Amino acid sequence: MGAPPGYRPSAWVHLLHQLPRADFQLRPVPSGFAPRDQEYQQALLLVAALAGLGLGLSLIFIAVYLIRFCCCRPPEPHGAKSPPPGGGCVTWSCIAALLVGCAGIGIGFYGNSETSDGVSQLSSALLHANHTLSTIDDVVLETVERLGEAVKTELTTLEEVLSVRMELVAATRGARRQAEAAAQYLQGLAFWQGVSLSPVQVAEDVTFVEEYRWLAYVLLLLLVLLVCLFTLLGLAKQSKWLVVVMTAMSLLVLVLSWGSMGLEAATAVGLSDFCSNPDTYVLNLTQEETGLSSDILSYYFLCNQAVSNPFQQRLTLSQRALASIHSQLQGLEREAIPQFSAAQKPLLSLEETLNVTERSFHQLVALLHCRSLHKDYGSALRGLCEDALEGLLFLMLFSLLSAGALATTLCSLPRAWALFPPSDDYDDTDDDDPFNPQESKRFVQWQSSI
């Protein structure tokens, strides 16, 4: 099948499409896009479950590390004031992990924007395709109504005026038959009329889902950013309560990061399967939803020399009918106007109607060509399979970096918390120091007693 203009499956699509797939019984599953197939659904769920496995391993590792830290820590000498060896390394490793998490947040914002741009391009292509289809229906309807009105008024009036000349009446009736035939041929060109599938509704649904997806990721990114910043603040101020709160928040964000990674991985794999060969699935789905013939859908989705225009015969017959009407009207003008002055007005009106109809016909020929709708199809595929897929991969990288950074932070924070000086150390000051809080309090009491 011919690829749409400007679209070629990217290297990421080929790479993800080649990954093996298996169902819950670990049996191989074909990589063709089949979202309604139960085995294919299980394969995507299994891809998402790999993130759950990563979360479980992370939690087990963190738990084992903290248990070892709590149970196997050597006792500190009584009255020791100096920090244990390796304390600075622990703090700096925690800070480095948080900085990596902040870098991942920037990657996440970029990926979220790329995904949103791709979905917006898909919605714009759907809206433009709907405009083309609606214009075809409107032009056909206006042209058919214009020809019908001409048959009812001008041609009927012309027959009455020329009733005494049977050969002129016959020519007028011939023009009537050709006008009715042209209207019938043109009416069959409005192929989208009465179809239940609305590209506008699809675009609105896609935009609605994308708005909430974008907002959810922005909130997740901001949450990760706040956790990283407040954790760094807690380490800088050596605030135990802030570190404890951020430890709990880090655990929550760790779960969210792995969860988002599973969703992103399953979506990216499914999207790569679709983008590797989109024509077959889109053609079958559109035929199922619209009931249109495969000839029409193949013409617009493939748009190559191997597929002929299914409307070519109707267009040719319509053009011949209009040319025949034009020829008959010219003959009537030569024969009827010199003898019947009352025939001039309906003939001029018919000539004007025919000129407008021919202009509409040429516009209809351009609209029915596969080039415009096929261009929209290619634009939709580029938005979905290039920008959106690239954004998903950047979001996966963000989730991986944030999960790794938060796992390292959860291992480091308890050790860093243990290195903080106790609150009693702040009261170990000289009694004669004027900046001593106790001395300042006594000074205020003495001043108030004077």
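For all residues, glycine too, the Cβ spot is worked out from N, Cα and C.
Note that the structure is predicted; figures quoted are calculated from it, not measured.
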Residue pair W12, Q328: same membrane side in Swiss-Prot: yes
Position flagged as phosphoserine [Swiss-Prot], chosen from S113, S293, S440: S440
Disulfide-bonded cysteine for C370 as listed in Swiss-Prot, from C303, C385, C411: C303
Other C-beta atoms that fall within 10 angstroms of the C-beta of C303 (disulfide bond): 22
C385 (disulfide bond) CB neighbourhood, other CB atoms within 10 A: 24
DSSP three-state assignment (helix, strand or coil) for N355 (N-linked glycosylation site): helix
Of C275, C370 (the disulfide-bonded residues), the residue whose Cβ has the fewest other Cβ atoms within 10 Å: C370
Rounded distance in angstrom between the Cα atoms of C385 (disulfide bond) and N284 (N-linked glycosylation site): 19
Contact set, same chain, for the topological domain 'Extracellular' (1-43): CB under 8 Å, 6 or more residues outside the stretch: 268-270, 272-277, 279-281, 302-304, 306, 374-375, 377-379, 381-382, 385-386, 389-390, 393
